[in-house]
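Working notes, beginning with the structure itself.
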Amino acid sequence: MSMTKIPLAGVMGAPIAHSKSPQLHRHWLETYGISGFYVPMEVKAADVEHVLRTLPKMGFVGLNVTLPHKEAVLKLADQITDRARLIGAANTLTFGKDGEIHADNTDGYGFLENLRSGATDWTPSQGPAVVLGAGGAARAVIVALLDAGVPEIILTNRTRARSDQLQSDFGNRVRVMDWTQISGVLHEAQLLVNTTSLGMVGKPEMEASLDGLQAHTTVTDLVYNPLKTRLLEVAEEKGCVTVDGLGMLLHQGVPGFERWFGRRPDVTDATRAAVLG
């Protein structure tokens, strides 16, 4: 008598205790009555390759990857999606039957799905997007926005050199502005995105001037702790449509869950409540 294997998946990072992914995937497993497990794993940098070679032999079908391993796993992958290659990092791994590693990055997908569900009147072709920050999250957002058809991205970061590097990587659809001058271009923006940690619990507040922000601009913040950052509060006061950052986390988990467990999950109010709870 053959026994059906129960699929195993998880999330790997260091530290890992803060991750919301276990609550998210366990909620979906329970909601859809799927036999499967999703486990958090704290893994040191020196052990990443060994873990990735071992997990498929233990019955794991895939893995989410969080900081600081998102770039390292890309170098160990056998197959890499175009978007993961452009971003230079992977957050979703799927293991083949012989242990081969397929690497993807669903951060940009999650960002766009969250934006589209929270700001239904926003369309990419409306006009420029102003992006605050130039780290890994900014790369994912830029790749997604350019691919969606945003005509221009105005990029600013407290360290100018990092913005210049992204402009060099992505070309003339990205324009770099000094952090201190951003208020002067906000009136152009159809979309404003904060990809920095400013405004997060335990981090400094957003100090960039928002004087030029107009009511026609959609504003979204990747920070989700707190759900309503100072940036979103100011934007609401100015009449802007705002979108918090929690939905990006939820939506980026959809493709991996579908690949590992065979069911495409929905992101609902119950999903948000399960992760926040």
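Note: Cβ is positioned from N, Cα and C throughout, glycine not excepted.
In this structure, LYS20 (shikimate binding site) belongs to neither helix nor strand by DSSP; it is coil. Residues or ranges marked as shikimate binding site by Swiss-Prot: SER19, LYS20, SER21, THR66, ASN91, ASP107, TYR224.
As annotated by Swiss-Prot, active site, proton acceptor applies to LYS70, with the evidence given as sequence analysis. Sequence-distant contacts of LYS70 (active site, proton acceptor), defined by Cβ-Cβ distance under 8 angstroms and a gap of at least six in the same chain, are ALA89, ALA90, ASN91, ASN105, GLY136.
Annotation source Swiss-Prot lists NADP(+) binding site at ASP82, GLY133, ALA134, GLY135, GLY136, ALA137, ASN157, ARG158, THR159, ARG160, ALA161, ARG162, LEU222, GLY245, citing sequence analysis. Look at ASP82 (NADP(+) binding site): DSSP puts it in a helix. Close to ASP82 (NADP(+) binding site) in the fold, though at least 6 residues off in sequence, lies no residue with a CB less than 8 Å from its CB.
Recorded residues THR159 (NADP(+) binding site) and LYS20 (shikimate binding site) have their alpha carbons 30 Å apart, per Cα-Cα distance. A simple way to gauge crowding: the CB of SER19 (shikimate binding site) has 20 other CB atoms within 10 angstroms, across all the protein chains here.
Spatial neighbours are here defined as Cα atoms within 10 angstroms of one another, and by that definition SER19 (shikimate binding site) has no neighbours among the binding-site residues ALA134, ASN157, ALA161, LEU222. Nearest to ASP107 (shikimate binding site) in space, judged by Cα atoms and limited to the binding-site residues ALA134, ASN157, ALA161, LEU222, is LEU222.
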